[in-house]
């Protein structure tokens, strides 16, 4: 369990820094192409493992799934739409905002998780949990205010950060619901999800004018460019695998809280790596979000244990 959390955080932080390099340091304004390269590489890795499982069934195993079967498409396509929205908005947030701000911009995931858990699953939230959510929102707005005062607030980064939080929350909830439809097979879900996402991203890439950007790009034949694209794709595959694994064995809430804790360490690394100086109140906003998220987790855990005890007592009677 703790090993899973550790690898998720290491891979997730690495992915954010690699994506920031892809979106800011290679002089290519093509965020949809970056997302497409990651989904295609992930789909290719899954296809390679599927092929190896047929050639060497004793050494490799891949679930028997037909991604073009209507039942599979119907079950996974809504999740793929959320997945596409999530990676697209995350990339756009990183394009317009710094890695340090990325934590603040994405801190509303828990809030959306509470809202959608009530709207979709009908689960009510206690007053203590709502108080924790209010603390998170306060920390979010304080961070935005400090970015604005420092003159570093990006409105597109702010908007895409909120949309990224919304997409991630829905993606986490629907992943938990969709996994049983593929018998809990992470490889099957990853394969189908990334193939569908690749198809969805292609027209968006064209509509965003990125085909012209790629045609004019002078570094398209450089080894460094394709190397960093390959690294980004490998990171995209790894983070997708560990994300699904964490949601499968824990919950959407645990995954979102884990992501918030990871983002705190990510912020500290980003300010050091990019040599950014932040105000005391800016750091307080990060701390408030972290405390609010931790308190929410603690209160939610107590509520879940209480409900479990009540359920057991009711069944005994």
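Yeah, the Cβs are placed from backbone N, Cα and C, and that goes for glycine too.
Here is what TrEMBL records for this protein:
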DOMAIN    4-296  domain 'Sugar phosphate transporter'
TRANSMEM  30-47  transmembrane segment
TRANSMEM  68-88  transmembrane segment
TRANSMEM  100-121  transmembrane segment
TRANSMEM  128-144  transmembrane segment
TRANSMEM  150-174  transmembrane segment
TRANSMEM  186-207  transmembrane segment
TRANSMEM  223-244  transmembrane segment
TRANSMEM  256-274  transmembrane segment
TRANSMEM  280-299  transmembrane segment
Cβ-Cβ under 8 Å with the transmembrane segment (128-144): same-chain residues at least 6 beyond its ends: 101, 104, 107-108, 110-111, 114, 153, 158, 281-282, 284-293, 295-296, 299-300, 303
Range from 30-47, 68-88, 186-207 with most C-beta pairs under 8 A to the transmembrane segment (223-244): 30-47
Confidence summary for the domain 'Sugar phosphate transporter' (4-296), mean pLDDT rounded: 83
Distal contacts, the transmembrane segment (186-207) - CB-CB under 8 A, six or more residues away: 30, 32-33, 35-36, 39-40, 42-43, 46-47, 49-50, 62-63, 65, 67, 72-73, 76-77, 79-81, 83-84, 87-88, 175, 178-179, 237, 240-241, 244-245, 248
Residues of the parent chain within Cβ reach of the transmembrane segment (68-88), under 8 Å, 6 or more residues beyond its termini: 31-32, 35, 38-39, 163-164, 167-168, 170-171, 174-175, 178, 181-182, 189, 192-193, 196-197, 200-201, 204, 236
